[in-house]
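Pasting a structure below so you can have a look.
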Amino acid sequence: MNLSRWSLRNPVTASMVLLSLLAVGAISVPRLPLAFLPEVSFPSLEITIPYPNALPAQVEEEITRPAEEALATLSRVRRIHSWSSANSANITVEFDWGEDIAPLRVEAREKLDRIRDKLPVDVDLIQVNSFRSSDIPVLECRIAAERDLSRDYELLNRHVADPLRRVQGVAKVELYGVDPPQVRIDFRLAELQRHGLDANAVLARLDASSRSMGAGVLRRRGEAWPLRVVNQFGSLEEFRNFPVDDHGLTLASVADVSLTEPDLDYGRHLDQGRAIGLNVIKESGANTVAVADRSRRVLKEIENDPLLKGIQVLTFTDQGEQIRNSLEGLLQAGVIGAILATGLLYFFLRNLVTTLVVAAAIPFSLLAAAALLYFGGRSLNILSMMGLMLAVGMLVDNAVVVLESIHRRRERGQSRLRAAVMGSREVLPAVVSATITSIIVFLPLVLGGRTEITTWIGEVGRTIIFTLCCSLFLSLTLIPLAIGRFLSVQVGEQPAILKRLAALHHRVLSWTLNHRPATVAVAFGVVVVAVFLFAPVDKSTFTASKVEAVAVNYEFADNLNYREVERYVTAIERWIQARKDSLHVKSTYSYFTNNMAITRAYLVPRYADDEGAQVVRKLLRGGLPQLPGVTLRFDDDRNNAAGPARLSVNLYGDPGPRLDQLAEEMQRRLSRIDGLTDVVVGGERGRQEVEVVVDRDRASRYGLSTAAVGASVSQFFRGRALPRFRGPEGEVQVQARLAEQDRSSLEQLRDLPVLATDGASGAQATVPLGAVASFRPVRTPTSVERQQRRSVLSVRGNYEAKRGGEIRRQVKSALDAMAFPTGYLWSFGSAFEEENRTQQEMLVNLLLALVLVYLVMAGLFESLLHPFAIMFALPFAFAGIAAICFFTHSPFNLMAQIGLLILIGIVVNNGIVLVYHVHQLRGRGLPRTQAILEAARDRLRPILMTTTCTVLGMLPLAVGSNHVGDVLYYPLARTVMGGLVASTALTLVLVPCLYTLLEDGAALVAGVWRWGPRAGRPAPTSDAARAQGPARV
């Protein structure tokens, strides 16, 4: 179906269709849901298994290993990564992108339920979570006050969290740093010893008296009544009066029972003051900006609550504001680009009406694409908006080519209607093919296998495809319809500079056709120079990103509880706050717990990038005071956890001294690499702990096993969770353990009573723990890390992002020189693996794009040879990329690689328009050289117009600071601009030269092939080649 002919034959119908598209688009835009990212399920499961008051080694042995064995049998598992730390096991199970996580989550829960009998009895809740992009909090707040709020859960929950939970679109509100009250049973050691009681026996009696259970079914008169035995405590008094032995001794006689806030072993600071964390998470599908706005209004109302006097709720991260700023920045860039492109069109066309008709393709196409997004159930997010803005400069390309073709026919005296029909038909195959090449490069991303890169870039590509398809439709309907039926559209006289440029181009092209070897040699020289320019360019995949903060990590030489850690944190915060302006820091935020802390210095906007963070990091490293007993490490704080400036090398092997020695040797070698700083072995210092070594012989005399002794110690020191207590405020956790004053010294540990059994009489009595065990202090890691069910130690360090490739080579060289025993090996961390995988994916997609573009052109030209003349322009696009990256100090990172992918599709468009017109003219009987010169003259202006419009459309993105999440746009825009300018200049000169060389070369090869078997006969030249002769003018 010929759209141009149809629109001209049915002008009213076509006009109504176009107006309908405009109206539907205008209606769809305000209804498009705004989101930070498209709705995506991340291909991983996060399993958290709490095990309160347990040590890392204990967590690994009793929790992590059995859970890993069960999870390893899940379908299509890619990687299992676990961390066993004090109080919990955290396991991440990764799958390939595109997997349906919902059934895998159910399967994982079932497998963990099957091993519950292998886990400790007091493991209660196993959390199996999957993560969607909508789970990112729309608001991250900090609740600050002069006083400590860690014991004000009820106040904060009722007056801050509950009002936010009632906001439309809010799914969940989380409070951090303040926990709900719990029933705490603190046993008094002296009373237990005096009454000869064992904690295990008391706790077992309490547990048995706290559980309800089903008891079958009562059938009465044809009815079935389920039976349930209820056995729960109803008040604290019932707990206190509970008999703990057969003689009426009550729990209150040996323990203190209270309802109180749990003891916290962590804290937060915001600008040196105590802070509580508050996260607001929206419902899936809810408008992020709307939910954030409604939540902020509620927070404003909360400020007036008299019960919250002196308490501030400070918004730390507002996703709604981020989206608004990102979209406004992109929209501003798009509007400026559209205005610049429109102004340039007027410069070329010199007619206001004509300019407006062509420029109308921009808003029409964007609105039509918005309608497609809306009816396709998609959101307007930073990725789809990025696709719209990248397409702005390309939207007028087809319209310009159609207009130019129609205009030339009008100049020949054809009527408006005939010129519109014939002119649009003449360029129809060229503009369709050019559009296909622009969009086909994204098909492997949109339709191919799902990976992280294809998931995100596919969203961009899908939007560009929508927009360019709408642009093609409008160029084949709106432009012919406006010129042929409604408007007397004229193109003004060319500016004098264009006339001079056309004359210069004619002379240069004539010279190149007459001096083809010299032309090719100059072109080859340009590529060689480009290679040298490209060599020093930063080629790290993840660079030019936004860095919110510089992180200061604390490593302590001694065991410190979180109160002592807080003193160090306060000292560092005070030093930074006193020098905020000179350090370019706007605020500080710290998190600290036992033996660990991190302080984040948030940067002012001007320094919130790689280079700024590097400056601030150097100032902190050189200026922070040296505190006794603590080592400070520095890192960038990015939303992208696999940030480019973070080195991670994994060492695998059996845990023990040998693994530690190898890790320390790796650390020494890597520390000697210039540019690699803050090299540290993960968990190398660890914490001091006491090992209780049970003497089996002595224990057996008392009828005790190692497990029984361990259980007694665990119940006293780690405590035990009992079934929840239902009080007036709802369900409350119950925790029982030895009172703090009775478990604060090694002597008290030795005197701990353990219930023993006399082997002869069978009588039971308690004996002190010291009678059956010895004690020794040891240092253990703060956490135990495992990958693929193997123990691993990570050696980490920082480096300048632009030196990533160099640092990697030096690290590999240093570690390859080490001798590793059998069973021990090293590898780069997952960040490097992902970077390698990303680069491989991009390379495969680039090659596929080249093949697909060639196939389209071969079909258009009905030739396997002529597409190569255009494809050879691509290396010269690389020359433009190398030059712009070198002279503007832009990195060739992932965003630039995306720009290269886009460039492959649009670079060939100018060549298609030119070569297709050459074919048309030769088909009318013109000699080859004359056809080339005339086609170059006819297509010079549309080629210049389309190129400069695309370049100017991207100019605001190239010079601005717009970013998607952490990643800045400018490398992408600059790559497209540099490559397009260079390839266009060479297309106008080099493509015709290559076109003739390929034809002559093919004729020569064909002649040799035809005549070669005949002895010594020279290969003749074809009639066509003889008729045209060498490419001389």
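Just so you know, glycine gets a Cβ as well, placed from its N, Cα and C.
Annotations in TrEMBL come from automatic prediction, not curation.
Here's the feature list from TrEMBL:
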TRANSMEM  329-349  transmembrane segment
TRANSMEM  356-376  transmembrane segment
TRANSMEM  382-406  transmembrane segment
TRANSMEM  427-448  transmembrane segment
TRANSMEM  460-483  transmembrane segment
TRANSMEM  517-537  transmembrane segment
TRANSMEM  842-861  transmembrane segment
TRANSMEM  868-889  transmembrane segment
TRANSMEM  895-919  transmembrane segment
TRANSMEM  940-959  transmembrane segment
TRANSMEM  979-998  transmembrane segment
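Mind running through what each feature is packed against?
Non-local neighbours of the transmembrane segment (356-376) in the same chain are 18, 21-22, 24-29, 31-32, 338, 341-342, 345, 349, 384, 388, 391-392, 395-396, 398-400, 403, 463, 466-468, 470-471, 473-475, 478-479, 482-483, 487, 489; each lies 6+ residues outside the stretch with a CB under 8 Å from one of its CB atoms.
Only residues 6 or more beyond the boundaries of the transmembrane segment (427-448), in the same chain, are considered here, and those with a CB under 8 A from a CB of the stretch are 2, 4, 394, 397-398, 401-402, 405, 454, 457-458, 460-462, 464-465, 468-469, 471-472, 475-476, 844-845, 848-849, 852-853, 856-857, 859-860, 901-902, 904-906, 908-909, 912-913, 916-917.
Same-chain neighbours of the transmembrane segment (517-537): 875-876, 878-879, 881-883, 885-886, 890-892, 986, 989-990, 993-994, 997, counting only residues six or more beyond its ends whose CB sits under 8 Å from a CB of the stretch.
Residues of the same chain lying 6 or more positions beyond the ends of the transmembrane segment (842-861) and with a Cβ under 8 Å from any Cβ of it are 429-430, 433, 436-437, 440-441, 443-445, 448, 453-454, 867, 870-871, 874, 894, 897, 900-901, 904-905, 908, 912, 915-916, 919.
Here the transmembrane segment (868-889) has long-range neighbours at 523, 526-527, 529-531, 533-534, 536-537, 850, 853-854, 857, 896, 900, 903-904, 907-908, 911-912, 915, 971, 974-975, 977-983, 986-987, 990-991, 994-995, 998, meaning same-chain residues at least 6 beyond its ends whose C-beta is under 8 angstroms from one of its own.
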I need to check the long-range neighbours of the transmembrane segment (460-483): which residues 6 or more away from its ends have a CB within less than 8 Å of a CB in the stretch?
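Those are 3-4, 6-8, 11, 14-15, 17-18, 21, 357-358, 360-361, 364-366, 368-369, 372-373, 383-384, 386-388, 390-391, 394-399, 401-403, 406, 416, 419-421, 423-424, 428, 431-432, 435, 438-439, 441-442, 445-446, 489, 898, 902, in sequence order.
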Tally Cβ pairs under 8 Å between the transmembrane segment (895-919) and each listed stretch (329-349, 382-406, 979-998), then give the stretch with the top tally.
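The listed stretch sharing the most Cβ pairs with the transmembrane segment (895-919) is 979-998.
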